[in-house]
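Taken from TrEMBL, the feature [4Fe-4S] cluster 1 binding site applies to CYS15, CYS51, CYS85. TrEMBL lists CYS157, CYS161, CYS164 with the feature [4Fe-4S] cluster 2 binding site. What TrEMBL lists as domain 'MTTase N-terminal' is 6-122. Taken from TrEMBL, the feature domain 'Radical SAM core' covers 143-381. The domain 'TRAM' annotation in TrEMBL covers 383-446.
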Amino acid sequence: MTTTPRRYHITTFGCQMNKADSERMAGILEDMGFQWSEDPNDASLILYNTCTIRDNAEQKVYSYLGRQAKRKHEQPDLTLIVAGCVAQQEGESLLRRVPELDLVMGPQHANRLKDLLETVFDGNQVVATEAINIVEDITKPRRDSTVTAWVNIIYGCNERCTYCVVPNVRGIEQSRTPEAIRAEMEELGKQGYKEITLLGQNIDAYGRDLPGVTETGRHLHTLTDLLHFVRDVPGIERIRFATSHPRYFTERLIRACHDLPKVCEHFHIPFQSGDNDILKAMARGYTHQKYRAIIDKIREYMPDAAISADAIVGFPGETEAQFENTLKLVEDIEFDLVNTAAYSPRPGTPAALWESQLSEEVKSDRLQRLNHLVGVKAGARSQRYFGRIEEVLVEDQNLKDPNQVMGRTQGNRLTFFNGDIGELKGQLVKVKITEIRPFSLTGVVI
Ligand code: SAH
Ligand code: SF4
Ligand code: F3S
């Protein structure tokens, strides 16, 4: 078949940053005349936007890539791209491993996809992994949802958590200006979007690389100031933000979330471990007492706030007693959700070189025990919704039941109820909660 236009496919791995980057890259490709193909095998341009946070995420990429590389031998006009965090981590060596690749591009280069592809179409194999100042968005993203949208506010991370590849692959912190962020949100509001999630790996660091300080020496641009600045964007009904770092979390921020009606009472604050020695070895910069104090403060202002977190089990040297301190923290705090992971040694990170690595058996045993407790606690926490009236922003049909729609409460609980998606998509609907599960709810419209 020689029919034009060319079709593209993107597979996205990893976190919300990658999803946001993929949406922008898709926008660029459509601007260049490419059309989306759901099936990668019908596409003549395939882009893998990759994640390397843990080894299993990285390995997944190679198996996907292997299949398409083979296809390239029968279809030489196939364009193969690896973008994202594996691309940044591996750089040139990816070309040696998979010579069929046309383009290897790090996350900072996402907005440059058009330029890079033009060089590829001129007959070059291209690696773009040098550190650059991220160019402002020039193209309209092709967003997956018409209801909720991501808006990056800060790229990169300047922390040095000893287990984490993110600073290596995402580079140093680069904040967007409040004006650029607000302009993007206003555009989204005009297009009918209702909910925005502001994104950053360490969102509390927002603005510290922007010029300007107040009379008291505080940075002029903080996340709290930004929330005030964007609180009234027309059409936007809900504002969320992620991910928070306990080290920088402030009471001022808590107050803003309490005072600004559109900012959801929903906090994602990873604790990683409940043990002070492990936290220290991770270089997290806080103790479990400080973490608990933050949660107490949030609940003082907003007793019902939804609180989620991330945790790692089996960090090098973690003893059974230290692991139990993590269980204890989860037991005490009663999170709405905890994303858990077994520690995975990552290239270029200090902890990967330590001799105190634990066995896979110990790690997976701890992971199971923690997951069990997280489920029990989330189930208990879900109970508070029973019989309550919640406002649900309808996002989509329930894939398992076409008579139902699905959306989220302002606390981010997935909620299903009977309704017609054609009529309800993008609406805020009052729903009485009639069924409780640990991580989702069912209700009826009132
Ligand atoms: N910026 C966020 C987290 C980004 S990575 C923060 O500071 O909390 C997302 C999650 O992946 C982390 O919270 C952590 O729980 C997990 N993670 C990161 N590196 C990991 C590793 N080497 N092994 C296992 N889990 C890891
Ligand atoms: Fe990784 Fe730590 Fe930065 Fe989070 S704050 S992205 S865990 S280095
Ligand atoms: Fe993965 Fe990169 Fe995100 S490593 S978790 S996609 S920042």
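Here the Cβ of each residue, glycine as well, is placed from N, Cα and C on the backbone.
Classification of CYS157 ([4Fe-4S] cluster 2 binding site) by DSSP places it in coil, neither helical nor stranded. Screening the binding-site residues CYS85, CYS157, CYS161 for a C-beta under 6 A from any atom of ligand 2 leaves CYS157, CYS161. Listed in chain order, the extra residues whose Cβ falls within 8 Å of the Cβ center of the [4Fe-4S] cluster 1 site residues CYS15, CYS51, CYS85 are PHE13, GLY14, MET17, ASN18, THR50, THR52, ILE53, ALA57, GLY84, VAL169. Local packing around the binding-site residues CYS15, CYS51, CYS85, CYS157 was summarised as the count of other Cβ atoms within 10 Å of each Cβ; on this measure the leading residue is CYS85. Within 8 Å of the Cβ centroid of the [4Fe-4S] cluster 2 site, not counting the listed residues CYS157, CYS161, CYS164, the chain contributes GLU159, ARG160, TYR163, VAL165, VAL166, PRO167, GLN201, ASN202. For the pair CYS164 ([4Fe-4S] cluster 2 binding site) and CYS85 ([4Fe-4S] cluster 1 binding site), the Cα-Cα distance reads 12 Å. Only CYS15, of the binding-site residues CYS15, CYS157, CYS161, place a Cβ under 6 Å from an atom of ligand 3.
Taking the domain 'TRAM' (383-446) as a whole, pLDDT averages 96 in the prediction.
Counting every protein chain shown, the Cβ of CYS164 ([4Fe-4S] cluster 2 binding site) has 21 other Cβ atoms within 10 Å.
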